[in-house]
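Student: Grabbed the feature section from Swiss-Prot, which reads as follows:
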TRANSIT   1-49  transit peptide
TRANSMEM  98-118  transmembrane segment
TRANSMEM  120-142  transmembrane segment
TRANSMEM  148-168  transmembrane segment
TRANSMEM  216-236  transmembrane segment
TRANSMEM  243-263  transmembrane segment
TRANSMEM  265-285  transmembrane segment
């Protein structure tokens, strides 16, 4: 009504100033077609996405959100230590091993964030799967020693993470112990061995007593801590009087395998978790030490 009054002169001067459009307003006004195109460009799919989110089960939304969060966290972890290495605040070898340790530990620690649905493990598997694709694409593009290294140790590492999620998941102590030995045990063996490994093993001059001892201790402790973590959340039941001794046997077996001079043939990121899985399967699945 105010606009009509403005054009007919029935309104006051103030209302005319407020309501009258400039002479060229009609020329500047978007056509119905351009308005439709603008809505399509700015808001395409928004109602559909909202409807899809509303119709999706809560477990799917939870698992999807956690997957995005963990993927972003994994990428950020690598970027932070890459930046520290570029600024020479940390040695490159130490940076890689710290990422080696933290990646496995933090990834396992994130498993309880996923829902209790049967599909939750597949959402969790997306994280190491994407990382393996990244390593493959980056490694195959380059013809350098660094690229070849990426296609060995780091790629094997994330493939073991992927395998453990799909096969064992959080209800199995076998996967938990295997990843603990691979990430914590093998990682600390290299860190300590490089700094204090002057005394070499007589049958493998590339390994040291300090590194092997640290692998046994750190692998055992991390395995026990992760078992306590998952048992406290109700995923596994542990009889600690029996479990601790068997964890020590698993750690010893993994340490022996890591000491064997076959690195050129089988990478530690494959031999250590495979040996751990085998021994853990024999020890933990044959009696009531751990009841799923």
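Numbering starts at 1 and runs along the chain as displayed.
Placed from the backbone N, Cα and C atoms, the Cβ positions cover glycine too.
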Student: By a Cβ-Cβ criterion of under 8 Å, what residues six or more beyond either terminus of the transmembrane segment (216-236) are in contact with it?
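Tutor: Contacts with the transmembrane segment (216-236): 105, 108-109, 111-112, 170-173, 176-177, 179-181, 183-189, 243-244, 247-248, 250-252, 254-255, 290-292.
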Student: Among the recorded stretches 98-118, 120-142, 148-168, which has the greatest number of Cβ pairs closer than 8 Å to the transmembrane segment (265-285)?
Tutor: 148-168
Student: Under 8 Å between C-beta atoms and at least six residues away from its ends: which parts of the chain pack against the transmembrane segment (148-168)?
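Tutor: Hits for the transmembrane segment (148-168): 100, 103-104, 107, 121-122, 124-125, 127-129, 131-132, 135-136, 138-140, 174-176, 178-179, 182, 267-270, 273.
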Student: Grab the same-chain neighbours of the transmembrane segment (98-118) for me: Cβ-Cβ under 8 Å, and only residues 6 or more beyond its ends, written as numbers and ranges.
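Tutor: Tertiary neighbours of the transmembrane segment (98-118) are 57-60, 62-63, 66, 69-70, 73-74, 77-78, 81, 90, 124, 127-128, 157, 161, 169-170, 176, 179-180, 182-184, 186-188, 190-191, 222, 226, 229-230, 233, 235.
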